[in-house]
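If you check Swiss-Prot, you get these features:
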ACT_SITE  156  active site, proton donor/acceptor
ACT_SITE  160  active site, proton donor
BINDING   9, 10, 11, 12, 13, 14, 35, 99, 100, 101, 123, 124, 125, 126  NAD(+) binding site
BINDING   36  NADP(+) binding site
BINDING   157, 166, 167  (S)-2,3,4,5-tetrahydrodipicolinate binding site
């Protein structure tokens, strides 16, 4: 039986890519799609919006109705919608794949409450390559982190509105956790002017916004006489959309709880 997927934020870049990937992938179909009230995508056919021809699925702005019409929900919209999506998933008993980054405290709490009732996958990045990178970064941090200056460099397209990226922050958390540090206390975001010598306990973040870069992330471990750089470069958003669709098929089989991509691929 085909799995019906509801796509929240269908009018955005990732939303359109999700429609395309779901349409092309066997075993799943677009059951419902929403965009923000007043958005240009509302009222259009989801398939036509994504360049896939008519799917007979109009894009609406009623999140609870879209969630109820779906077997699983994928949300790549904005943090402002997260609490509404979580409440709708709780009411309908639908598992959620959440790709929204930049969540505030109340939004994170809503996600955690939802995970007590249904399976929730929340990841900053749905690429299997980035998931593997995170595991490798943890290993490197445990092996050489205490002897290294650690910097995280990320690059994205000019339209990205948050910095550092959610993926960069997750990589920073992986390093900090491996070293027993608190990222909120040791992170340094950019440098300017007379900064003095580098504090060896810090984890640095550098951000690049330019052109149409899909997403590059490098974690650099700098030691005396050598350095190790672990890098992932995405060339297409398809990798993120495909990972999210695989996650949706996975979460419907899981008990209630909060999961990430590492749970799914086993690293």
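Glycine is no exception: its Cβ is also placed from the backbone N, Cα and C atoms.
For residue 125 (NAD(+) binding site), none of the recorded positions have C-alpha atoms inside a 10 Å radius of its own C-alpha, out of 36, 156, 157, 160. Each residue contributes its Cα atom, and for residue 36 (NADP(+) binding site) and residue 9 (NAD(+) binding site) those atoms are 7 Å apart. Counting other Cβ atoms within 10 Å of each Cβ, the lowest count among the binding-site residues 9, 166 belongs to 166. In this structure the alpha carbons, written CA, of residue 157 ((S)-2,3,4,5-tetrahydrodipicolinate binding site) and residue 13 (NAD(+) binding site) are 12 Å apart.
For residue 157 ((S)-2,3,4,5-tetrahydrodipicolinate binding site), the number of other Cβ atoms no farther than 10 Å from its own Cβ, over all displayed protein chains, is 14. Around residue 167 ((S)-2,3,4,5-tetrahydrodipicolinate binding site), the same-chain residues six or more apart in sequence whose CB sits under 8 Å from its CB are 124, 125, 130, 154, 215, 217, listed in sequence order.
Taking only the Cα positions, the spacing between residue 9 (NAD(+) binding site) and the residue listed as 'active site, proton donor' is 15 angstrom.
Within 10 Å of its Cβ, the residue among the recorded positions 36, 156, 160 with the fewest other Cβ atoms is 160. DSSP assigns residue 156 (active site, proton donor/acceptor) to a strand in the three-state reduction.
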